[in-house]
Amino acid sequence: LGVSAATEVSFSFDVGNGPVEIIVRSPNQLNDDQWHRVNAERNVKQASLQVDQLPLEVRKAPTEGHTRLELYSQLYVGAAGGQRGFLGCIRSLRMNGVTLDLEDRAKVTLGVKPGCSGHCTSYGMYCANGGKCVEKYNGYSCDCSKTAYDGPFCIKDVGAFFEEGMWLRYNFHSPGTSMKDLVSRTLLSSTDPETTVTDLNLNKEELSFSFSTTKSPCVLLYISSYTQDFMAVLVKPSGNLQIRYSLGGTKEPYNIDVDHRNMANGQPHTVNITRNERDIVLQLDHYPPTSYSLPTASDIQFNSPKALFLGKVIEIGKIDQDIYKYNTPGFTGCLSRVQFNQIAPLKAALRPTNASSHVHIQGELVESNCGASPLTIPPMSAATDPWHLDSASADFPYNGQAIGDGVNRNSAIIGGVIAVVIFTILCTLVFLIRYMFRHKGTYHTNEAKGAESAESADAAIMNNDPNFTETIDESKKEWLI
């Protein structure tokens, strides 16, 4: 009895008439980290196998032949000797009405642990950004297929640089699929991963991405539909962000304007938008989320989403006038980690995934992470920011008052000691410099000419300066008054 494939459970035996195998095939994968119940039975008349609530598979025993199953070896659970073993959890094992104590045997068996924790229980937290932990034989891995990230732990941003006039379109339906087929497929199989987002009426959406640009206005993202419904994220001529919803029921679209920040400053910014029927939550960068509500007259269903556009809107039919105006010349900058519900259009364009056939690109898409590093330090609120002059309770760090607490007093003492040490070092350097120049400097003399042949220093001066004689004569004169 074992799992022969991701969707198959097999029950095989041989009572002397040759090997017999019964296989139950599940429409869904069985390695989904969920509990599954298996019931296998063999008697003299037939053998049967059932998995969960799937139909029972039965194989009748031959009319003539052996019926007795004679077993002489030990019971192996999880693996036979030397084979690649089962990775996962097994519980409530019963044979012929007897419950086997697997937990007690797991305590003394190498490679088996009681409690069924697994690697994902201990290390699954390292699969970030919605990545799913998958158990492996010697560890675990992170499945990033449902995220807009990449890498071993789903933390690598997948982004691209958009030149002016370039655009990307992601079709929610498969190429060549008509609207009629799309409707029937959606109604029949809403669990199909390719049609999950193409439900005829979306009551909620989750949109997140990061961008950086220095040019405005532009269209960052636009989601069209087979009806007049649409959703758009724009950068207005002023550089402010605008989110626009048009779900029907109102004459004008519902706009959310973020006028307190210039988003076209060349810095990376993150945008997270969540709508659940009438309630909308918007979060920019690391600022607190802001809640909005659609008008009471507005519809709450996004009908028949058709395509998602990045950088520019190239859509057949009538589009909003402001979007048409902001559509020229197009977005220039970086877009990163774009995700709409379970769709990651940039990742589908830059990585070979199952959804790559849904992408159409105009221009050259260059992979880049230039829009993937938003501010990581949360902004200080105005109430606690000492340099925010508009705050009524804001005080400057020093307003002439004495330092009150012990931490500031200790800081002042340490600062004073450091200042004294620096002053002492500077004085020592000045003294050393003066001393060196005093003993090692050069000096000049104004020695009179002819000093070598003179009998004395006075004679040398007299020989060199003829006026010196007159000076002596004048000094010898006496005056009587």
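Heads up, the Cβ atoms here are built off N, Cα and C, so glycines get one too.
The domain 'Laminin G' annotation in TrEMBL covers 1-116 (among others).
What TrEMBL lists as disulfide bond is C89-C116. For C116 (disulfide bond), other Cβ atoms within 10 Å of its Cβ number 14.
Look at TrEMBL and you will find 117-155 tagged as domain 'EGF-like'. Sequence-distant contacts of the domain 'EGF-like' (117-155) (same chain, at least 6 residues past either end, Cβ-Cβ under 8 Å): 33, 84-85, 87-89, 208-209, 337-339, 342, 344, 346-347, 351, 353-354.
Look at TrEMBL and you will find 184-370 (among others) tagged as domain 'Laminin G'.
Taken from TrEMBL, the feature transmembrane segment covers 412-433.
Cβ-based neighbour count (10 Å, all protein chains) for C89 (disulfide bond) stands at 13.
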